[in-house]
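See structure below.
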Amino acid sequence: MSDKKRVLVKFSGEALAGDSGFGIDTAILKFIADEIKELVTNGTEVCIVIGGGNIIRGVSAAKDGIIRRTSGDHMGMLATVINSIAMREALERGGLDVRVQSAIKMEAICETFIVGRANRHLEKGRVVIFAAGTGNPFFTTDTAATLRAIEIGSDMIIKATKVDGVYDKDPNKFKDAKLLKSLSYEKAMSDDIKVMDDTAIALAKDNSLPILVCNMFKQGNLLKIISEDAKALYSIVK
């Protein structure tokens, strides 16, 4: 493996939707692509996982029982493929070499996930987008992102959100909410702090994978995090 820093960045599908709450806002897509390009230009090996909540959520689709949970989750996996293709387009328009790898075989659209091939792409400076979650129902894209990060030997997983990091309570509801700069995996799970679901956190803990939570809309913040800039704004779970 290369000596370069390797990171997996996890974006929610809702983040792509912008104010509309549904679909894909191409202005946001371009903003994210520019932030990723900064990392690649500065020598970082980057892979990405995007949720599908801007299109459909498996849990929500199955809520009234008309659609089975397994089918709902498969629909959600397909939504992540749509988002991944959109992100590939934005990154390629920015001059980057990109590959989408899906956990579910769909040769006409993208590659099938193979860890060795993903590693080779990253070593060649390509951005790799992992789509379709784990390929199995009942697992979130946070868990999929953690799994892929471990499989490809990522130094960290960055969860890009709409807030500056992890707070002791909801900063949108409480003005006195405090940003937690660092917390343990155990605290993140026991206090039910919504960093990721418990399966993802437990997987990260078992493999000593740091989880960094940051605001995706702070321009240049991703690069500051990777560069270990003191001005970087994030929380770390380790």
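Every residue number used here counts from 1 along the chain in the order it is shown.
Cβ atoms here come from the backbone N, Cα and C positions, even for glycine.
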18-23, 120-125, 132-137 - the range that Swiss-Prot marks as region 'Involved in allosteric activation by GTP': 18-23
Binding-site annotation, Swiss-Prot, UMP: partner of Asp73, Thr134, Gly135, Asn136, Pro137, Phe138, Phe139, Thr140, Thr141 in Gly43, Gly52, Gly95, Gly165: Gly52
Integer Cα-Cα distance in angstrom, Asn136 (UMP binding site) to Thr161 (ATP binding site): 24
Number of Cβ atoms other than its own within 10 Å, given for Thr140 (UMP binding site): 20
Among Thr134, Phe138, Thr140, which are recorded as binding-site residues, the nearest neighbour of Ser12 (ATP binding site) by Cα: Thr140
Tally of DSSP helical, extended and coil residues in the region 'Involved in allosteric activation by GTP' (18-23): 3 helix, 0 strand, 3 coil
Gly52, Asp73, Thr134, Gly135, Asn136, Pro137, Phe138, Phe139, Thr140, Thr141 excluded, remaining Cβ within 8 Å of their centroid (UMP): Gly58, Gly76, Met77, Gly133, Thr143, Ala144
Distance [Cα-Cα, Å, rounded] between Thr161 (ATP binding site) and Gly52 (UMP binding site): 14
